[in-house]
């Protein structure tokens, strides 16, 4: 049983790009070529690359991305983690967004940050203030007024991964979170009559179904992270800013006034992508024999593990952290399932549009995810052992208080590792696929939209990939006539 947890999303213009960790990673070419194999020939990596370039590419796209040079990394843990991974056979990748980049490796992360070390969201990029001011000249605000309009073709509505299923399923959906983009901010309320979704579920809420589409809210996907943390000297951790308040004040001043210091840098600089199936049996690195005989099938070229080093806690149990760990330096590895097979659901909490939907992430609902999760934990522990052997002051492993035997990377007791995984695994807020682009009868999870991003049989529609999809969607709209 996975514990209940908070889930967050960006309910502002610009969505998650306003609150996320600003990582810009396009994914592997195989990720998108696998979409084409599912029957979407216009969604291969080669055909989608122009849309990535259009939005974010030096000298072409307006969206600014950059990586931070090695010498700017403020915490030794990142350099030591990098060296430990290389010692286990993983290679350094300078640009993870290159089409022919190696699948397994240690990329330096790109971020959506400008030269002044400020966040650059999609809102800042694609709706700059100059455009807002220009459009304001043709905008009139009418308060306490109801205005009706007829639509000849379609209305395009998107309310995010967790909100879109609710918009489709409700009879009358009121969306009032959008702000009219003028100097005098006013509320805009829009009502939609949709009623598309799983018939049985909608009828349970007394809603008459217009279109029975089981895939609505049924294919929820996410990346699931397992935080593993060690005690380190306070100077090696971001926690020092809260343990020493005056240092926190100083760093805040440096960031606000000079755009420098710890707070002007990303929370992590590197990450490690791994295919679990080519790890050796002791999780000490890549098994070259397995690599040489590995399948070249598209699905087998996609990493299923990502290890993210963090000079801070990666746990989402804030009460536990405050009670036990708030006064110590911490280094974490967030062992992440990058391609989990488990699927969750988004369902109505009630027929009232003001009520939040019920979200079940379905974490570990597919037993095959345990195999990958165990590999991610054991590899993380092996990297930590290598870091410690090099002289880095990793101390007590503090995430295993109730799982003492699981601390050893050579532990062969799957039950102990699984107990730890169930205790710690969490969402990392990379929600997608609640309204999948797939056939209605898709074996993995029923689809909702076709490859033109239109709802099946009803014509009433993650940072880098999401923006690429938006760019392609814009072209689809322009070419629709």
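Just so you know, glycine gets a Cβ as well, placed from its N, Cα and C.
Positions annotated as domain 'Glucose-methanol-choline oxidoreductase N-terminal' by TrEMBL: 9-128.
Residue density at residue 12 (FAD binding site): 15 other Cβ atoms are found within 10 A of its Cβ, drawing on all protein chains shown. The annotation FAD binding site is assigned in TrEMBL to 12, 20, 21, 22, 23.
The annotation domain 'Glucose-methanol-choline oxidoreductase C-terminal' is assigned in TrEMBL to 340-457. Summarising model confidence by region, the domain 'Glucose-methanol-choline oxidoreductase C-terminal' (340-457) averages a pLDDT of 87.
Remark: residue 23 (FAD binding site) has 109, 110, 111, 266, 463 as non-local neighbours, by Cβ distance under 8 Å and separation of at least 6 in sequence. Here residue 20 (FAD binding site) comes close to 10, 429, 463: these same-chain residues lie at least six apart in sequence, with C-beta atoms under 8 angstroms from its C-beta.
In the three-state DSSP classification, residue 23 (FAD binding site) falls within a strand.
Cβ neighbours of residue 22 (FAD binding site) (same chain, under 8 Å, six or more residues apart in sequence): 111, 112, 113, 119, 266, 463. Secondary structure of the domain 'Glucose-methanol-choline oxidoreductase N-terminal' (9-128), assigned with DSSP and counted as helix (H, G, I), strand (E, B) and coil, comes to 47 helix, 13 strand, 60 coil.
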